[in-house]
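Novice: When I checked Swiss-Prot for this same protein, it listed these features:
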- 166-173, 191-195, 213-216, 283-286, 314-316: GTP binding site (BINDING)
- SER173, THR193: Mg(2+) binding site (BINDING)
- 1-159: domain 'Obg' (DOMAIN)
- 160-333: domain 'OBG-type G' (DOMAIN)
Amino acid sequence: MKFVDEAKIKVDAGDGGNGCIGFRTEKYIPRGGPNGGDGGDGGDVYLQADENLNTLVDFRFVRFYDAERGENGQTRDCTGSRGKDKIIQVPVGTRCRDADTGEVLGDLTRDGQQLMVAKGGFHGLGNARFKSSTNRAPRQKTDGTPGEVRNLLLELLLLADVGMLGLPNAGKSTFIRSVSAAKPKVADYPFTTLVPNLGVVSMGYGRSFVIADIPGLIEGASDGAGLGARFLRHLERCRVLLHTIDLLPADGSDPAENALVIIAELKKHSPKLASKPRWLVFNKTDLLLEDEAELVIERVKEALEWDGPVYKVAAISKTGTDTLCRDVVEYLEELPAEFTPEEERQQVEFQWDDYHKTAIEELDDDSDDDDWSEDDEMMEVIYTKE
């Protein structure tokens, strides 16, 4: 199935049902009074995470989703039924933004988690709501309010513990093939990897972690060069990054300069992502003599002013991969188990959150009734005993 990690959709919450004007008319019950019922609220629109989905490709074909409208009120104080909510299934790891304002509505990181993205309209009020001692036969009602309409941007962020980044042909896909059962495409030309790949690394006795491989970065990726930097967002939820460096690049470039390019692109894309824990992994040590490899590694560390973890591996022969994976597992076990989204949900205000507080107040001054007029305020009634 085609991997799609971004989609735009439009959601339309249901309109609220209108209130009803009605009066009780039964034999032997004169002046029965108002009995018009309220309308029903419009249905809301929700996103729900589904662990059985792994792509947003379905949203390329269906882009509009709407909830049901609330039913109108009826006489005999009958309230209209509420509109049915619309629930849209999305993959676990989906982030939802308002496409017009850019605000983050929320992240769906657990199976079954729901997020309201559009609130249904508030129900209209029937004339029974407006009866009072001075307004015994009200002929006013309110209509239901329209449901919210939002343009949404859905972004799928892979849920992985470890993320790999580096230049094309650094050996990231080969590393994943050697430590997990994943089989991403491997070849001797740049950009063999076109979409992110996931692999599960098992160290036995229930100790495992998920590793993500994204397409390689090149200089200017943040400005759109190569495949761009948009795949970097899949690393935002990773807890540690493995910066893979090719000790003997096929194009003859300097490994130290290549490492600086990756760090520069990382900082341009997201300073928060650049501040994540990062380990250096020098790959293809089998292509150089040990002394030559050490010289290159020291030159890279000096250029980066690096004092963090350093690992030497040969992914194709699995040399050094077990040590690296074991250290990764131990590092992850020491971290807190709770997951904190990188970008917290912003405070989202829905259109009709406070409508019910003001709906009646706005109509309190309405004088359209049968029993009262402004002239009545100036009328003086004198009672005399005959």
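Just so it is clear, glycine is given a Cβ too, placed from its N, Cα and C backbone atoms.
Because the structure is a prediction, the values reported are computed rather than measured.
Could you give the neighbours, burial and distances for every feature on this list?
Specialist: Its own atom aside, the Cβ of VAL195 (GTP binding site) has 16 Cβ atoms within 10 angstroms in the protein chains shown.
Secondary structure at THR193 (Mg(2+) binding site), taken from DSSP and collapsed to helix, strand or coil, is coil.
If you take every residue in the domain 'OBG-type G' (160-333) and average the pLDDT, you get 84.
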Novice: Looking at Cβ-Cβ distances, which residues of the chain lie under 8 angstroms from THR193 (Mg(2+) binding site) while being 6 or more apart from it?
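Specialist: The list for THR193 (Mg(2+) binding site) reads PRO168, LYS172, SER173, PRO184, LYS185, ASP213, ILE214, PRO215, GLY216, given in order along the sequence.
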Novice: Give the helix, strand or coil assignment DSSP yields for LYS284 (GTP binding site).
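Specialist: For LYS284 (GTP binding site) - judged by DSSP and reduced to three states - the answer is coil.
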